[in-house]
Amino acid sequence: MAILDSAGVTTVTENGGGEFVDLDRLRRRKSRSDSSNGLLLSGSDNNSPSDDVGAPADVRDRIDSVVNDDAQGTANLAGDNNGGGDNNGGGRGGGEGRGNADATFTYRPSVPAHRRARESPLSSDAIFKQSHAGLFNLCVVVLIAVNSRLIIENLMKYGWLIRTDFWFSSRSLRDWPLFMCCISLSIFPLAAFTVEKLVLQKYISEPVVIFLHIIITMTEVLYPVYVTLRCDSAFLSGVTLMLLTCIVWLKLVSYAHTSYDIRSLANAADKANPEVSYYVSLKSLAYFMVAPTLCYQPSYPRSACIRKGWVARQFAKLVIFTGFMGFIIEQYINPIVRNSKHPLKGDLLYAIERVLKLSVPNLYVWLCMFYCFFHLWLNILAELLCFGDREFYKDWWNAKSVGDYWRMWNMPVHKWMVRHIYFPCLRSKIPKTLAIIIAFLVSAVFHELCIAVPCRLFKLWAFLGIMFQVPLVFITNYLQERFGSTVGNMIFWFIFCIFGQPMCVLLYYHDLMNRKGSMS
């Protein structure tokens, strides 16, 4: 009871002795001295005669600091006293004895341990203010451990399933027509350049230019489709040709559209500024056709030099992740797909189980594909060509809606869509909603071409899958605007990982197997 009635502090003096300082009396003196603009801890007090006994100067300094912290309620017991007398000016000059006195005073039972209201780190008000680096490291460790166990279990159960002809087989030699078709695609940019050269020299009119560009772009698509359908080529070879075909088509459209716009601006500026002119450069077109962009412009931001060591490291990563992607396909995806049934036929629970089992390896393959192409390959190409603008993607994994995902994950295509589809539709007085639908329609057509033509199977699964994104865009945008929550991100990941891609893989595989079975 004596301690409760009269809280005190035992301090260590410089000569090694000890003194007892009454904390309550010091606080009363502090309040009286503050009212008279003084910091006196000694004087006369009619109510407490013993207050005439003053405290040592160094103790008074530390008492002032603690009393102020106690009054403000903002001090952290553990953190405020690390480092001795740093809280007071020149506190370190007191030597080791002063630091011992601080520690002795701070951890006295009479000193308050709770000075302000605080939330738990995982409470709803404080959870997003904390650093979760440790939990992230834990998730990485658990992910590595779980997947390592699954890989070992798979190898023990099924053995090594990757065949020796995984990278190259004799069948690849039969795909030489597709290889020749890839090389011959360079004819179409030359044809587009010739058209622009003719219109520059006033040999043809604008309607003829538009008609010729339409013929060139249509032929550029139909010719590879015909070659792929006629040749009994491997699926990977067909997909490669169709992807290259789509890239060249998008570049040709951008070249024609941008050249038309520059030509229009130059013609309009002739009256006001004769120095503004339109020119055609084969060098700029050739650079554009190999540059990692789909939007044509006469010049691009360039980097200063080529970092050869950096390119070598990125190329090594490309080989490693491509091999890892092939390992997952051969060891996991192919066995799961072969041992499954058509998802639209048979037991519903069985179909759900197969889709869920396929979702994880399919996600890993997709992430590896994204990393290999959009980060490694496009950056390697940009480095070799000194291409400066390397925003090939944004943080699409944080997308709050499906619309945000489509705007962030593939920046070259997004910029092309905005530049040559979306805003031209708006300038033509087309409603915004219809312009979005048109953009998704173009994307759906090319997704279907890249998958259906190599499979020689036109079931429109890829087309419908892309068009199904349109209502999801409006739904997730509404949820984001109405509630401001991350439910849109959850819906995106569910469609992306669980429902969408695994379902399309199963649908195309079984339809392809059924077609081959009926042909044999």
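Glycine is no exception: its Cβ is also placed from the backbone N, Cα and C atoms.
Swiss-Prot has this to say about the protein:
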type: ACT_SITE; residues: His447; note: active site
type: COMPBIAS; residues: 34-54; note: compositional bias 'Low complexity'
type: REGION; residues: 28-57; note: region 'Disordered'
type: REGION; residues: 72-116; note: region 'Disordered'
type: MOTIF; residues: 392-398; note: motif 'FYXDWWN motif'
type: TRANSMEM; residues: 126-146; note: transmembrane segment
type: TRANSMEM; residues: 176-196; note: transmembrane segment
type: TRANSMEM; residues: 207-227; note: transmembrane segment
type: TRANSMEM; residues: 233-253; note: transmembrane segment
type: TRANSMEM; residues: 276-296; note: transmembrane segment
type: TRANSMEM; residues: 317-337; note: transmembrane segment
type: TRANSMEM; residues: 365-385; note: transmembrane segment
type: TRANSMEM; residues: 434-454; note: transmembrane segment
type: TRANSMEM; residues: 457-477; note: transmembrane segment
type: TRANSMEM; residues: 487-507; note: transmembrane segment
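Looking at which of 126-146, 207-227, 317-337, 365-385, 487-507 has the most CB pairs under 8 Å to the transmembrane segment (434-454), the answer is the stretch 207-227. Tertiary proximity for the motif 'FYXDWWN motif' (392-398) is limited to same-chain residues at least six positions away from its ends with a CB under 8 Å from its CB atoms, namely 292, 370, 374-375, 378-379, 404-405, 407-412, 489. Within its own chain, the transmembrane segment (487-507) is flanked in space by residues 333, 337, 340, 342-344, 354-356, 358-360, 362-363, 366, 398-402, 404-405, 459, 461-462, 465, 472, 475-477, 479-480, which lie at least six positions past its ends and keep a Cβ under 8 Å from the stretch. Taken together, the residues in the motif 'FYXDWWN motif' (392-398) have a mean pLDDT of 89 on the 0 to 100 scale. Sequence-distant residue pairs (6 or more apart) of the transmembrane segment (317-337) and the transmembrane segment (276-296) include fewer than 3 whose Cβ atoms are under 8 Å, leaving the two stretches without contact. Here the transmembrane segment (276-296) has Cβ contacts under 8 Å with residues 186, 189, 192-193, 196-197, 200, 247-248, 250-251, 254-255, 258-259, 262-263, 265-267, 269-270, 378, 381-382, 385, 387, 389-390, 392, 412-413, 415-416, 419-420 of the same chain, all six or more residues outside its ends.
Under 8 Å from some Cβ of the transmembrane segment (365-385) lie the Cβ atoms of residues 287, 290-292, 303, 306-307, 310-311, 314-315, 317-318, 321-322, 324-325, 328-329, 333, 392-393, 409-410, 501, all in the same chain and six or more residues away from its ends. Sequence-distant contacts of the transmembrane segment (207-227), counting only residues of its own chain at least 6 positions beyond either end whose CB sits under 8 Å from a CB of the stretch, comprise 177-178, 181, 184-185, 188, 191-192, 195-196, 198-199, 241-242, 244-246, 248-249, 252-253, 256, 260, 449, 453. Note: the motif 'FYXDWWN motif' (392-398) comprises 3 helix, 0 strand, 4 coil (DSSP; helix = H, G, I, strand = E, B). DSSP classifies His447 (active site) as helix under the three-state reduction.
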